[in-house]
Amino acid sequence: MGINEIIMYIMMFFMLIAAVDRILSQFGGSARFLGKFGKSIEGSGGQFEEGFMAMGALGLAMVGMTALAPVLAHVLGPVIIPVYEMLGANPSMFAGTLLACDMGGFFLAKELAGIVTIPIGCIAGGLVAMYSGVQINGQPVEFTFALILMNMIPVIIVAILVALGLKFIPEKMINGFQIFAKFLVALITLGLAAAVVKFLLGWELIPGLDPIFMAPGDKPGEVMRAIEVIGSISCVLLGAYPMVLLLTRWFEKPLMSVGKVLNMNNIAAAGMVATLANNIPMFGMMKQMDTRGKVINCAFAVSAAFALGDHLGFAAANMNAMIFPMIVGKLIGGVTAIGVAMMLVPKDDATATKTEAEAQS
């Protein structure tokens, strides 16, 4: 049994605990039947529900872009492929530069590369697997530091440009991000609407759209369309969300001690843990964080967000062998970002604002 299978067994263990809590909550609560242990798992049933209800949000974000992937590859390919090949990088890296793996990045990357390549949101995970052969479509792929670094050149260039923009023209950059976000929502919505019309009426409003349900010729277990992928992710989230809740509760003291080491308040430390499943709750906690905690949480979220949530579910659904590299890669990126954030925000600033933040809470 490999590490990826062990992770899935752990997830399913927490899923079963949450299912028990949800059942017992209908008859007075887990504490009534299971005593102290029942009290310690109360609330996990609610996270069980949250994991399954995430299917709707995932569908809105994923289905349209997944259906549009071959169309975008056809339109952007003639421009993107020569540029990336000139830099020595795989053209599939373009997708991951702009999109998360579960927001269409993975499927667009496959179309641009012409093969099933590394999940783009998991590039850092290649550092974990660089000395082992990973089977991709039956072909052994050897991850080397040179290969990873070469493919990250476009990402590094974009990251430097974004950092310089935020340093010197922050307002214009933020406005640009907002415009890009609106354009992305519009594009995803267009793709979703066209894909649904194609499925229900057979009208191909946008030529070249991928089906969102199984199509004639698809082999069950080998080809997963958008709707099936979303369902698979939700099944994983049934265990992922309860796991984060219960681990946070059971190991509260050690986790809070991390906040003290980083010199930020307890709310900020809790936000980092929440980010591992979903960064939206973390953003809701920001008003109660000190300045240092806000910066560290945002930096940590860029790489580590969804490591035990949506991205774990996506990796499990699409490429089970990459679960462990994905988790480790995202955590390494998150920890590295914390180190940079700690250098940017002196401890004195955190101490000065901590009392005010705690007073607001």
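Quick reminder: no glycine exception, Cβ is built from N, Cα and C everywhere.
Because TrEMBL annotations are produced automatically, they should be read as predictions rather than curated entries.
So that you can see what the record holds, here are the features copied from TrEMBL:
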TRANSMEM  6-24  transmembrane segment
TRANSMEM  52-73  transmembrane segment
TRANSMEM  112-131  transmembrane segment
TRANSMEM  143-168  transmembrane segment
TRANSMEM  180-203  transmembrane segment
TRANSMEM  223-247  transmembrane segment
TRANSMEM  295-317  transmembrane segment
TRANSMEM  323-345  transmembrane segment
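Among the recorded stretches 6-24, 52-73, 180-203, 223-247, the one sharing the largest number of Cβ pairs closer than 8 Å with the transmembrane segment (295-317) is 223-247. Within its own chain, the transmembrane segment (6-24) is flanked in space by residues 30, 32-34, 38, 41-49, 236, 238-243, 246, 312, 316, 320, 323-324, 327, which lie at least six positions past its ends and keep a Cβ under 8 Å from the stretch.
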